[in-house]
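What Swiss-Prot says about this one:
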type	residues	note
ACT_SITE	Glu147	active site, proton donor
DISULFID	Cys59-Cys351	disulfide bond
DISULFID	Cys223-Cys237	disulfide bond
DISULFID	Cys376-Cys387	disulfide bond
DISULFID	Cys381-Cys435	disulfide bond
DISULFID	Cys437-Cys446	disulfide bond
CARBOHYD	Asn86	N-linked glycosylation site
CARBOHYD	Asn115	N-linked glycosylation site
CARBOHYD	Asn177	N-linked glycosylation site
CARBOHYD	Asn343	N-linked glycosylation site
TOPO_DOM	1-8	topological domain 'Cytoplasmic'
TOPO_DOM	475-481	topological domain 'Cytoplasmic'
TRANSMEM	9-29	transmembrane segment
TRANSMEM	454-474	transmembrane segment
Amino acid sequence: MKVLSEGQLKLCVVQPVHLTSWLLIFFILKSISCLKPARLPIYQRKPFIAAWNAPTDQCLIKYNLRLNLKMFPVIGSPLAKARGQNVTIFYVNRLGYYPWYTSQGVPINGGLPQNISLQVHLEKADQDINYYIPAEDFSGLAVIDWEYWRPQWARNWNSKDVYRQKSRKLISDMGKNVSATDIEYLAKVTFEESAKAFMKETIKLGIKSRPKGLWGYYLYPDCHNYNVYAPNYSGSCPEDEVLRNNELSWLWNSSAALYPSIGVWKSLGDSENILRFSKFRVHESMRISTMTSHDYALPVFVYTRLGYRDEPLFFLSKQDLVSTIGESAALGAAGIVIWGDMNLTASKANCTKVKQFVSSDLGSYIANVTRAAEVCSLHLCRNNGRCIRKMWNAPSYLHLNPASYHIEASEDGEFTVKGKASDTDLAVMADTFSCHCYQGYEGADCREIKTADGCSGVSPSPGSLMTLCLLLLASYRSIQL
């Protein structure tokens, strides 16, 4: 454990600290210096992978246009007829009886989680899992995409307010003498309890049925930093939303992976706001990944898109690839998932455009980042961990030095990386990145076999001193209160 010197402690705590405070400080320091190890990668010990989750198989079927997707070790189509894929996404109509309201207010499966039999839902969900994931040894990504309501009452705003309105009506219809205050309280409690049970038991069933699969909910966690057009936009997650994410510990404890999303807007193209938006969303997910009852950090797979939210067929610029995919890799994500819908395959022209992008800017950048992550893992972490930024907010990336490497593209869209890292390249990596060791390994370079009662993960860098100080001071003040 790394211990602060007496002088450093004086910078943090300037008043006398009681014995109980010192004990709390000890445990805080121990928890920081012993971060949870990373779960072993799902594919050939690759520290960072790119997954493909778009229906581009239709390009071959409809237009005889084949995309070279060899750079994606994990591939799946979101189409309903697709089965047995190593990326399986469950929309509302593919997993049990998810309750929701249409935009016209028509209830589907009861509309509210309070109105549906959980047992009946789970029985149908079990059938759906067996249909869409027939292999019992499935070890891919299992993503549940349920977006109509959120399990926390306070987060059901705007169009989702219908779930609060209907929950209130459900309570008021039960008795005429219930006060407005009681209606609000009971509506909130019954909705949240039902929503929690619905989501928790569903993912529990998935993990029980396919225990090797990386089960998680799409868009969880969310940072809710969508005010990207605000003056002086920082990208940071609002404090209330961070606290609400903390309250979802039951969801993180139930999950096997996290699937945040960083879809961005063309109207912000190449701007610092896209970088800020992505950076804080991924960082929040990395924070949540260590807050569970698991003895390892949950793997984070970041959903992104080929194009922009406001212009889906206008594909990401080179800078925005860095601000999304590059940020995800540098912050320690296990991979990215590139999602697309049927618009990508609506015409031969669209398919051709996708093929050109994959075989040029996108493919080249993915080859660059994934190889750089491998090089860093091999040389800094002995292939027993992945590299993450020492300072999470620093502008450092897992990129190959063009003076040392060359990326060649073949005519059919396959990429080959040639070259070798120089001593200077490795020194730069060592200065800017540290190792997040996989389960079973520890030490600065992850060479040591983890002992039963030892620590593993990331050792705090000198730049973490301010964070340590703030935590120490906060703990002292809380005890004094």
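Glycine is treated like the rest: Cβ placed from N, Cα and C.
Known features from Swiss-Prot, placed on the structure.
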residue : record                      : CB count, 10 Å
Asn86   : N-linked glycosylation site : 19
Asn115  : N-linked glycosylation site : 14
Glu147  : active site, proton donor   : 12
Asn177  : N-linked glycosylation site : 5
Cys223  : disulfide bond              : 24
Cys237  : disulfide bond              : 21
Cys351  : disulfide bond              : 22
Cys381  : disulfide bond              : 24
Cys387  : disulfide bond              : 28
Cys435  : disulfide bond              : 29
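Asn86 (N-linked glycosylation site) and Cys437 (disulfide bond) are 25 Å apart (CA-CA, integer value). The highest number of surrounding Cβ atoms within 10 Å, among the disulfide-bonded residues Cys437, Cys446, is found at Cys437. Per Cα geometry, Cys351 is the residue among the disulfide-bonded residues Cys223, Cys351, Cys376, Cys446 nearest to Asn343 (N-linked glycosylation site). A count of other CB atoms within 10 A of each Cβ picks out Cys376 as the most crowded of the disulfide-bonded residues Cys59, Cys376.
A gap of 18 Å separates the Cα atoms of Asn115 (N-linked glycosylation site) and the residue listed as 'active site, proton donor'. Taking the Cα atom of each, Cys387 (disulfide bond) and Cys237 (disulfide bond) are about 24 angstrom apart. If you take the Cα of Cys376 (disulfide bond) and the Cα of Asn86 (N-linked glycosylation site), they are about 27 angstrom apart, rounded to a whole number.
Regional average pLDDT for the topological domain 'Cytoplasmic' (475-481) in the model is 38. In this structure, Cys381 (disulfide bond) is part of a helix by DSSP. Take the CB of Asn343 (N-linked glycosylation site) and look out to 10 A: across all protein chains shown you find 12 other CB atoms. Reduced to three states, the DSSP call for Asn343 (N-linked glycosylation site) is helix.
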